[in-house]
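Chemist: Can you read through this structure? Questions will come right after.
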């Protein structure tokens, strides 16, 4: 795995890529999403096994993300033509069916390399997930090895947590969910949280 140019707290590397959006080819730029949160997830290959479970799960929750002012983008090293063929394959046959999220083509592998998820010996991407805030700043990175899929619920929770901290200036403890207690980030005020939870 290459180190890439994606660093927490820094601007996310911009990109332009051809994507399949609503069954058609479209040029997509990260900068087009400025003002919104973005969940950018990489997956190894089309027509595989774990990948469709993740893509369909993200697609099924696309509206939940949009309600938070967040868009979801999927990326693999496959071409837009392969993406479209997979989308046009019925789910019962291992295809994706219609999607509510764009799938970006990274045939040059520049996105995967720039984001540090390229598995160079195979030329495919690890399962990287990046949360980018409305200002284009990278807030979260996770990278899974190939055989284990990611949790859409956890990605939603993380977006909600970062948005909460942005708005309220408080910090979110382990396992925080909307409506749960948060911590005021100073020594004296934080005792209010710790006295309730210990």
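The chain as shown is numbered from 1 upward.
Glycine too: its Cβ is placed from the backbone N, Cα and C atoms.
OK, Swiss-Prot features for this one:
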- 2: N-acetylalanine (MOD_RES)
- 51: active site, cysteine sulfenic acid (-SOH) intermediate (ACT_SITE)
- 112: phosphoserine (MOD_RES)
- 182: phosphothreonine (MOD_RES)
- 196: N6-acetyllysine (MOD_RES)
Chemist: To see if you understand the setup: which same-chain residues, six or more apart in sequence, place their Cβ under 8 Å from that of residue 196 (N6-acetyllysine)?
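Modeler: Counting only residues 6 or more apart in sequence, the Cβ neighbours of residue 196 (N6-acetyllysine) under 8 Å are 181.
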Chemist: Other than its own, how many Cβ atoms are within 10 Å of the Cβ belonging to the residue listed as 'phosphothreonine'?
Modeler: 16
Chemist: Quick one: Cα separation, residue 112 (phosphoserine) versus residue 51 (active site, cysteine sulfenic acid (-SOH) intermediate), in Å?
Modeler: 16
Chemist: Calculate the distance in Å between the alpha carbons (Cα) of residue 182 (phosphothreonine) and residue 51 (active site, cysteine sulfenic acid (-SOH) intermediate), and round it to a whole number.
Modeler: 34
Chemist: I'd like the number of other C-beta atoms within 10 A of the C-beta of residue 51 (active site, cysteine sulfenic acid (-SOH) intermediate), please.
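Modeler: The Cβ of residue 51 (active site, cysteine sulfenic acid (-SOH) intermediate) has 21 Cβ neighbours within 10 Å.
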